[in-house]
């Protein structure tokens, strides 16, 4: 339990450090390296378009990250109370988390990178957090590849060029042919690639469970779920204003869970 509580502190700090390093590299390396196109207007220059897209992706990723933490699942500790309180308890999809020390409604899992449980109230923000984190990492990897290609005059036309970049760069780094800053960017390329693919896979897995009306906790425990149309399952999590929430980080406004909280 002590190791889990320590991981609950280290993992968010690790994510915030990666976010800070990514922002610094984008601001001080990638953006200045983009040369202005003399045929393009200043409003549509590559640097401006790149900065706007990265700002949109990172703002949505960090915004939904904060909302996952702030919009914590309710503590349903009343279910542990008297017999008069127990009939009001939610279905058996609730779960007591030892790390958070509380009972949450429609418990899915405990996310150590947010230091919080994922349940009915913050599931939508968690999925959007995974989606935009994946896009931001993969887009940073593409920008980093373009930077390394220009600085080290490396061509990535061959499919195996990216796979052989790390061992080749390590040997060149110890021989003095590659600078420390360039070597750090190369290491970040593989980190962005790994985090981007992991978040994308996790996001797809969560969406598949939502379409089925299940949670990871229910799948792990082998609990049977009531069959419902997949559209209703999506609306329960994303609500009717799903397009607005896809563009701007916001709470679960219009979802079934938020309506239940207002009653």
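Cβ coordinates are placed from backbone N, Cα and C, and glycine is handled just like the others.
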Review point. Any idea which of 43-67, 68-92 is down as transmembrane segment in TrEMBL?
Key: 43-67
Point to revise | Stretch among 12-31, 126-148, 185-211 sharing the most Cβ pairs under 8 Å with the transmembrane segment (43-67) | key: 126-148
Practice item. Give the residue counts of the domain 'SSD' (112-154) per reduced DSSP state, in the order helix, strand, coil. Key: 30 helix, 3 strand, 10 coil
